[in-house]
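The ATP binding site feature in Swiss-Prot is assigned to A47, S48, A49, G50, S51, G52, K53, T54; the stated evidence is sequence analysis. Summarising the annotation, Swiss-Prot assigns domain 'UvrD-like helicase ATP-binding' to 26-482 and lists sequence analysis as the type of evidence. According to Swiss-Prot, the feature domain 'UvrD-like helicase C-terminal' maps to 519-807. Per Swiss-Prot, the feature region 'Disordered' maps to 533-559.
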Amino acid sequence: MRFEPFLNQEEIRQLQEFEKNGSKAQKRTPEQIEAIYTNGQNILVSASAGSGKTFVMVERIIDKVLRGISIENMFISTFTVKAANELKERLEKKLREGILMTDDPEMKAYLNDQMQAIALADIGTMDAFTQKLLNEHGYLLGIPPKFRIMQDKSEQELLKNEIYKSLFENYMASDHSQVFLRLVKNFSGNRKDSKSFRDQVYKIYQFSQSTENPKQWLENNFLLAANQYQDYDDLPDETIDALLQSMKETAISLRDLTDLEEYGQMTKAGKPTAKYVKHLTMIEALNDWSMHFDSYYGKSQIGKLAQDLSALLPSGTDVTVAGQKYPIFKDIQSKISQFRHLATLLTYQPETLPLLLELQSFVIDFTEAYLEAKKSENAFEFTDITHFAIEILQNEEAIRKVYQSKYHEVMVDEYQDNNHMQECLLELLSNGHNRFMVGDIKQSIYRFRQADPQIFNQKFKDYQENPENGKLILLKENFRSQSEVIDATNAVFSHLMDEAVGDILYDDNHYLKAGSDKQKIRYPENNCQVLIYDTDQKDNGEDEHDKEDERRTEGQETLSPGEVNILVKEIIRLHQEEAVPFSDITLLVSSRTRNDLLFKTFNQYDIPLVSDGGQENYLKSVEVMVMLDTLRSINNPLNDYALVALMRSPMFAFNEDQLARIALQDSQEGKVEHFYEKVLNSLSHQGQHAELITQELHDQLELFDQSLNAWRDYSRTHSLYELIWKIYNDRFYFDFVGLSPKAEQAQANLYALALRANQFEKTTFKGLTRFISMIDNILNTENDLADVDLAKPKEAVNVMTIHKSKGLEFKYVFILNCDKKFSMADIHSPLILSRQKGVGIKFLADVKKELNATQLPSVKLYLETLPYQINKKELKIATLSEQMRLLYVAMTRAEKKLYLIGKGSQEKLSQKFDTKREGQHLPKALRESITNFQDWLLAIHQVFDSKDLSFTIDFVTDNELGPESIGSISHQSNIMIDDLRDNRQSDSIARAIDMLNNVNQLNQKYEAAINLPTVRTPSQLKKFYQPIMDIDGVEILADKSQTPTTFELPQFSKAKQVTSSQVGSALHELMQRIKITSHVTEKDIQQASQLVDAEAEVMAKIDLHKVKSFFEATELGRLIQVHHDKLYREAPFAMLKTDPQSQEKFVIRGIVDGFLLLEDKIILFDYKTDHYKTPLEMKLKYQEQMALYAESLRKAYDISTIESYLILMGKERIEIVECS
């Protein structure tokens, strides 16, 4: 078979011309064609939002396949597993289309082979690849192939804490313990523990792990800044230049201010005013000192310049003219503060070096000890696996050359989110001229994962300036958004983003351009809107915005009712007037927390709202916290916090007044007693203030105490699972949370708590005390458990974080809480790290001598060392740049219309920013000083001509947000004609049938529980195990007498129908009879269907195309075909188990539908034909059964890795659910 060669540049140019003049409705852009067909060199594709980068990657891969490059000879890295699966699906679809289009048998066979190879090709995350590499070559480092990944943060934290504690004790007992103690106190301050120091150690460790060689970075880079910045001459030139530039700009701003007509330069007598003379002196000095800095001061006298400036300028930042404040001195004052105490800093800085050396030593020792502990467990973090892979590729030249010769091309998606560790790995896999990198620096928003956008930026500049090093291709056409969204985005970022703040200059190389004529059609009603809730309130003489500023200062940044009402009003208008489906609307928020008001208000207005779910907030959900405090109280009633929380909860609803009355019931004056003891005193009327306990309160306490004691007694003889459900049922708590705004999620959380308690007791750990201890350990390490996933209604408004929305698109987008301050906590951290400069710390200095405070034993003061200040400046710019990119990602999600919503005082915000600009950008100092999205937008709107901005700003008052203004949702009846079609009986008969059907369904659903024998021998299965074992596909060998629990319903003239169970049984048999080969055909399925023992009416109900799609469209189906020689079906098993309570043995027997026996793992699968609502429901129903199957196979074959899957066949299409 002959393959076509790759296109040269002239052929690519001709193809671009042909495409341009062609008649296709959707044409590829010249840049897309160039990115698809260019070959033989490194390529960086800068793909703006919505520019079709995934399309380009798929087309490029397919083109290479058609030119004879096997898909197994490409390394294709994606950012997420989901992205990898989507890419595989697209490739498979294109290959299938290719098979149908060609008549060449050889080409058909080749493309079919390529389709089969997708499952085995290196298409996935870098983590997946490094695990594969380590499985093959880990022996070179002494790593056994059966290692596991420590994905649970709680497990990581527990092991880290154990290593830290041991190492800490060793250092405290060492001969350098005094230096170490000073180091710990430097970070712990007045705290009586070392938690603050431990946090900094973990922070350094985490940061170092993102480098290609953590130990090397700690040894060579960690102390670079500390060693470098020891004197005035060591100060970075850019720091001095920033001060001098600020002096010049301050002089210009002050001159412009004095030239205002309302300034008043002269008195009535015609003489200059004192203020004018003073300001002229400042202007002259600022210009003179900045111009002659080297001759007047120089670096060695920078501290004196700062003192002179402090004497020259006012201490405040504003100049008031005609009642208007102008922040003329704001920027220069912030710059001066860095140098004012420079001499003092340089005096004390040498004292930090011994502490930093000790810190360096401790972190290196911790890193090594932690790695050794993980090796002993044969369990590693993802970063460990990558470092091992890098070490193997660096040290083993033969292995490195195998990979470099194997891969025709090394492709990576989302390149802007790479860290230096990943970049090193890609370089090792590449031969130096076969890299293909796709990304967009404007969408780099994962700095918290140590992603470094400068990796992308350096490549961008290098290829732009040196084309011989690689080709730069720009994809600027946006195929997602209408012009109104594109224009607003360009307007914002052309004035906001440059290399100084934002990492790149947002110029013609990065402007978004509409990719189709349809997008260029103008819809003025869809212009971008910034809607700000006006917080100006004159009631009580207090400004609501001032109170809001206070709340923000305290970190309580929640959505206000006004903002939510603006949102609701517009959503109702869109839905009612423009018939916009709720599912076309998405709300973007900065974090998952503090959004309860959204759900509450939407619930009030009958607007369906679903969340993206999120992760690791489970233990902090209110309903779970209530239950955990209940369990803590049962375990130990003397736990005051838990007991009061339980009493205050909806289960017992004691109010604050009642709790205060109980708190006064000490048995003796001056005696300290627990709250539960005071409860008992209240019940026995033995308290000091018994008269405060009313009869109503006494009755309420009696009910509480009875319930608590009943639960305590029950907990001693029953499982945790049973105890939790007893609490739910006794106090109707499960039903109560069903009335909350997030009822479905809340009930799922409570249900999951019972399941997790059940799973916990299957381990070697048992009992309430240990369960509570485990939960508290997780919370103490500031970790959590994953949230429970729910099937979400399709027709609902979506709310998700901006990070979660990346890569997605929505018709209408609302960006909420735009006035929320950026998180700057890292900038005020005791320690700041830089990859290039190393560490900078705040130093706890004793300035007693400096202040001549001889009468005091010591005067401790935190000083920001020079390395700290330099790193702080770098970190602040990096944080602001990432916030700009976050706003870019949020704005570019919208297809039709974009809204941004915030709040603030119209009076204060309308004239907050002056009209000063730097070319087409807001002044750098202004951009650095702004701390929220809203102020960036306001500043742009006030500085630049609003006609050219493509977005409007409107303040909305309470008068516009009344109930009548907001409106309401009108609902249509949910009753469909089809529901009434066969209703030919009287209402009474219909009701009777419904009742009998319901009874029968309940009998069938709870058949196992009803049929439990009332009298059992010790050898029979204990009740505790019944919910686990007595499930579909698992038979318990125990004699039991049983009474039938089903009865036949009278037919009431119903026509005979094929039951779903008959269809399910036939479908199940069909799947077992299909002959599995490397390629299951439709003919194979037809032949198998003829062997099924079922009536023709039943077989007519089976969709054979659904069965075929399982083998063609699902990864599991393809895997079964690829490994058909390792497939086992209808495999019986028997397993002996011991009941831990009675020590009696019992046998479990069952039949496994099928499994693949591979060298390193077993892939177990089971067909389920039940009707179901959500895959999660089926997973919860059958996960225990699958766990038993897995345990049996694990013991039989001595293979620890078992992947379990349910093949759900109860709907129109087959779904695969992992149960591992």
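Cβ coordinates are placed from backbone N, Cα and C, and glycine is handled just like the others.
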Chain-mates of A47, S48, A49, G50, S51, G52, K53, T54 with C-beta within 8 Å of site centroid, ATP: D440, L475, N478, F479
Neighbour tally for A49 (ATP binding site), based on other Cβ positions within 10 Å of its Cβ: 25
Fewest Cβ neighbours within 10 Å, where candidates are the binding-site residues S48, S51, T54: T54
For T54 (ATP binding site): DSSP state (helix, strand, coil): helix
Protein Cβ atoms within 10 Å of G50 (ATP binding site), excluding its own: 22
Tertiary neighbours of G52 (ATP binding site) (same chain, Cβ under 8 Å, six or more apart): Q32, L475, E477, F479, G515
Local confidence of the domain 'UvrD-like helicase C-terminal' (519-807) - pLDDT mean: 84
